[in-house]
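Q: Take a look at what TrEMBL says about it:
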type     : residues  : note
REGION   : A:1-39    : region 'Disordered'
DOMAIN   : A:37-231  : domain 'PBC'
DOMAIN   : A:230-293 : domain 'Homeobox'
DNA_BIND : A:232-294 : DNA-binding region
REGION   : A:310-345 : region 'Disordered'
COMPBIAS : A:314-332 : compositional bias 'Polar residues'
Amino acid sequence: MDDQPRLMHSSHGVGMAGHPGLAQHMQDGTGGADGEGRKQDIGDILQQIMTITDQSLDEAQARKHALNCHRMKPALFNVLCEIKEKTVLSIRGAQEEEPPDAQLMRLDNMLLAEGVSGPEKGGGSAAAAAAAAAAGGGGSDNSVEHSDYRAKLSQIRQIYHTELEKYEQACNEFTTHVMNLLREQSRTRPISPKEIERMVGIIHRKFSSIQMQLKQSTCEAVMILRSRFLDARRKRRNFNKQATEILNEYFYSHLSNPYPSEEAKEELGKKCSITVSQVSNWFGNKRIRYKKNIGKFQEEANMYAAKTAATATNVSTHGSQANSPSTPNSAGDSFLCDQPDAKST
DNA sequence: CTATATGATTATTA
DNA sequence: TAATAATCATATAG
């Protein structure tokens, strides 16, 4: 009873001022009579552990078998189980959280939306085309225009699925392997189902992080593909001369309020054989660019003013209109009300 | 090849 | 929700 405190201090005398150190005690042995035998045992075991890597596999197997057949083995195993039972409580509950990872969900959603991870549309390309046409609501050339896009997309899809399957398979393989290993080991050391479960969880997490990389890169590829094929900016064509003529005529003849109504837009679109949204784009661009640099458009403005004047006179058969087109902006250009900065160089 | 023109998209605003 | 402003990506002129 009074042995314990003495063990701590007796051999050192002056107690090291702070760090007793476990190794120190073990080396000292403290001269205890009962420690001698155990020390010997521990030394033996350490020796065995140190040399275990030098042993051949057969030797190790033989030793393992011998241990397994040892008559004390069941009893020792029970003891191990008991100890483990007590200590396992501490590690349980340490890692239970499994957040559904927003990043992964985003990727999944996107892949699903792009039809990469969705159901196989198979050879039913006709059905897909029909669906696309129906969705487009009249874009007959839509499917033709995007056929190579879809081809590339399905290529990506195939790669994605192949890789995914490969990872899945590898994961299963590895899991099986590890479980076999654990089962094998559970003959010599106690392994709870919980631990196995945990191990499987760890493996799955690792593999799913790999899958996440795959999904990430697939998403990137799809995005690049999209921007390459579906971005209308990449295949921009100028409107033909006549169309711009018509649009400019309207713009400069409504310079004080160049905001065509929906009806007018439809009319213009029909005349120029472009869509209403293209008309809207054109007017949006025209307004902002005109406002930004009126000087640059002066000439154009004069030209179209003259032109409309000419057609007007043509219609009215009256030519002597004192229409001076040199300063067309002097009138109430109400849409210019807010002049930010006339960048005149 | 460089600079400008131009149609389309995106973000912001009222 | 449409207009605006900024920006992109190409077309075209020089």
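Count begins at 1; order follows the chain as displayed.
Cβ from N, Cα, C; glycine included.
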Q: Determine the mean pLDDT over the DNA-binding region (A:232-294), rounding to the nearest whole number.
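A: Here the predicted model's pLDDT, averaged over the DNA-binding region (A:232-294), is 95.
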Q: Which residue counts does DSSP yield for the DNA-binding region (A:232-294) in the helix, strand and coil classes, in that order?
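A: Computed counts for the DNA-binding region (A:232-294) are 46 helix, 0 strand, 17 coil.
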